[in-house]
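The active site annotation in TrEMBL covers LYS45, ASP171. Per TrEMBL, the feature ATP binding site maps to PRO129, MET130, ALA131, ALA132, GLY133, LEU134, ALA135, GLY136, GLY137, SER138, ALA139. The domain 'GHMP kinase N-terminal' annotation in TrEMBL covers 101-176. Look at TrEMBL and you will find 234-306 tagged as domain 'GHMP kinase C-terminal'.
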Amino acid sequence: MSTVLLTFSYKSVIILIKYTKTIIWYINLYINGDDMEIKEQAHAKINLGLEVLSKRPDGYHDVHMVMQSLALCDEVTIRKRADGLIKVCTSKEELKDDQTNLAYKAAQAFRTFVGKNYGVEISIDKKIPMAAGLAGGSADAAAVLRGMNRLFGEKLTDRELCDVGVTIGADVPFCIIEHTAIAEGIGEKLTPLPMKLNCSILLVKPYFGVSTKAVYEAFDSSDGNKVNIQGIVDGIHNQDWNECFAAMGNDLESVTIGLYPKVGEIKEELKACGADYVLMSGSGPTVFAVFLDDMICQKAYESMKKLPYEKIVEKTSFMLADE
């Protein structure tokens, strides 16, 4: 009898020790709920200008871009876990929530950088269309880096967060600082710009995605369309939309349209709706239209939604520096 009690007692102690940390964590959650989770917005981005330069030995291309954050965003919630695990869940069934998800990679990279085995549960409410050239995955990764930095009080600088971010993806550093910036290198060398121009933006993504690799490979054998990045920068500094419009462009646009003609059709449809300027973002397939009159943008939104083919249409605006 005493042997049985001793065995039972020993097992009980082991179980108690094993779960004490979890019990304490839940007590802390009850007492200090606000300190156990944090919310971040992950903003979509577009390219006001994208110039592709030479191919690098590592397979990437050097680029020269003007990047702009949009009000459209995913909502990312990061909650502490007591078990040291990383868990990701998303509102889109088709989006993988395993170790290939950029949000998971961001959490792992953050832990490696600070040398601490933080456990987190990451919930992503997706609003940014996927596989759209709008940096949705990169924005989520950036939100995780910013959020974990705040949640665990690590106090990494933006520069340090960007250094971590570039190991995850070329767009992640911009998605960390957001707003408006010149991007060079593979996209990681950033110079913020004082964007004060505002407008309404219409995004139209056709039902298909594009292969970024295929687009860049096709570009390598083409002449491209040289974009006037400095002209865009001057227009931003001068707060002159016409100056920006005259300089904006995307070296990859004609290549993507050659591979996916529907992108070109969408451009023409948006122009017919009265857009002030229309351009493809990134390697596509999303096309964005700039409207200086919000009423015209709203009518265009309603018209584009009615067109008889599968697509995603979103109405949004710029995320400016004071937001």
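The backbone N, Cα and C atoms fix where each Cβ goes, glycine too.
Keep in mind it's a predicted model, so treat the numbers as computed, not measured.
Secondary structure of the domain 'GHMP kinase N-terminal' (101-176) per DSSP, as helix, strand and coil residue counts: 42 helix, 7 strand, 27 coil.
For the binding-site residues listed here (PRO129, GLY137), the lowest count of other CB atoms within 10 A around the CB belongs to PRO129.
Every protein chain considered, the tally of other Cβ atoms within 10 Å of the Cβ of ALA139 (ATP binding site) stands at 32. Confidence across the domain 'GHMP kinase C-terminal' (234-306), taken as the mean pLDDT and rounded to a whole number, stands at 97. In this structure, the C-alpha atom of ALA131 (ATP binding site) lies 14 angstrom from that of ASP171 (active site). Spatially close to ASP171 (active site) yet at least six residues away along the chain are LYS45, ALA135, SER138, ALA139, GLY187, judged by Cβ distances under 8 angstroms. When DSSP labels each residue, the domain 'GHMP kinase C-terminal' (234-306) comes out as 43 helix, 11 strand, 19 coil, counted as helix, strand and coil in that order.
Residues within less than 8 Å, Cβ to Cβ, of GLY133 (ATP binding site) and separated from it by at least 6 positions along the same chain comprise VAL210, MET280, SER281, GLY282, SER283, GLY284, PRO285, THR286. In this structure, LYS45 (active site) is part of a beta strand by DSSP. Of all the binding-site residues listed here (ALA131, ALA135), the one with the fewest other CB atoms within 10 A of its own CB is ALA131.
The residues near the ATP site, meaning same-chain residues not in PRO129, MET130, ALA131, ALA132, GLY133, LEU134, ALA135, GLY136, GLY137, SER138, ALA139 whose C-beta sits within 8 angstroms of the mean position of the site's C-beta atoms, are ALA44, ILE128, in sequence order.
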